[in-house]
Amino acid sequence: MYSSSVCIKIHLERLRYNLRILRSRYPNVMPVIKANAYGHGIRVVANVLRDEGVQHMAVGSITEGFLLRQEGHQAFLLALLGPFSEEDARIAVVHNITPVIHNIESLQSIVHYSRVHQGGTAVPVAIKIDTGMGRLGFSSNDYISLIDLLRHTPEVNPILLLSHLVAPEISSLDNVTHNQVEQFARAYKAIKEAFPTIKTSLTNSPGLLAWPNYIGDFSRPGIALYGGNPFYGTSRVSLGKGFLPVMEVEAPVVAINTVSAGSSIGYGCTYYAKEDIRVAVIGAGYADGYSRSFSNKGWVVIKGKRYRIVGRVCMQMLMVDITNSHSKISIGDKAFLLGGGGSLAIKPEELAEWWGTIPHEVCCSLGSSIGAQQKQLVII
């Protein structure tokens, strides 16, 4: 097992703060804690949500839901990916995890288990329709056939109708969002006649914040809960301000070198010193989820000041130019890859921009090895 020198800090008070902001916009939230809570640790995050009185949570897989049931969580759990197998169906039914049914195959797996093991008892399920994502869901254009199918399938009890917005954060695609909302509304109106108590869920983080009139019974916020701005890089960026990054990532300075003018740094000779410089070697690299894409363009924070990465990010190391440091930097000092405190703290959105991705991937990548590698996890 790889033992990393990287330390991941999870700030629980920031998580609580972000949750309270979201609830102030709409009380009925179903926080998304899939993918190990976006890399933050599903157990830790679920415990905070429970302590804050959250009664509905959305996990990715049924296995994630089972993990929480083993931990004693009693909240309503929605498994967004639905059942993949008969074993998934069994776990969902036995442990009261509500599966998302998004195609005939996922429906059949639940029906089969109910008939064989439950005497045909109706299993509570969520029905997903595709209104434009092109990913999971029954076609919203064929909801009449869907309703007929569900009416003739007494082994399931549809309790939730959901879909997923494609681009609620992008104002130039508002027509797409409006179209999705209209499709969802038409389908819901028809399905509600057959299943009068069915609830709805449509919006994610940007949907909740930018489209408050179309939330439905539950909103499913994700990245905003963890402090990411879902509108970063769009004209609506101000709508996502105020959330606090929950994750901080730090690694130690493991060496300090003087590099002579004209000398190269790192693999491939991608950086040459124009003058004599001082370089700090940081004990973190792409093995820790810190992308090689940050080579020669990323920054770290040491003692409240930013320092630029020089040369390529290595497997377990990266190098930064500390020539212009106004404070003494020593071996063992902390370098923040994410966070760092103060106005110069590195935000998830900045890492995403340097990487050419989104904050979601940043958090998932940096936190992905929690539990698999020996990263130090500090709960604050």
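Glycine is treated like the rest: Cβ placed from N, Cα and C.
Annotated active site, proton acceptor per Swiss-Prot: LYS34 (among others), in sequence order. The Cβ of LYS34 (active site, proton acceptor) lies under 8 Å from the Cβ of ALA58, VAL59, GLY60, SER61, GLU64, LEU80, GLY222, each of which sits 6+ residues away along the same chain. Classification of LYS34 (active site, proton acceptor) by DSSP places it within a helix.
Swiss-Prot lists LYS34 with the feature N6-(pyridoxal phosphate)lysine.
Sequence-distant contacts of MET315 (substrate binding site), defined as residues of its own chain at least six apart whose C-beta falls under 8 angstroms from its C-beta, comprise GLY285, TYR286, ALA287. Residues annotated as substrate binding site in Swiss-Prot, with sequence analysis given as evidence: ARG135, MET315.
All protein chains considered, the CB of TYR267 (active site, proton acceptor) has 13 other CB atoms within 10 Å. According to Swiss-Prot, the active site, proton acceptor annotation covers TYR267 (among others), on the basis of sequence analysis.
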Distance [Cα-Cα, Å, rounded] between ARG135 (substrate binding site) and TYR267 (active site, proton acceptor): 40
Count of other CB atoms lying within 10 Å of the CB belonging to ARG135 (substrate binding site): 10
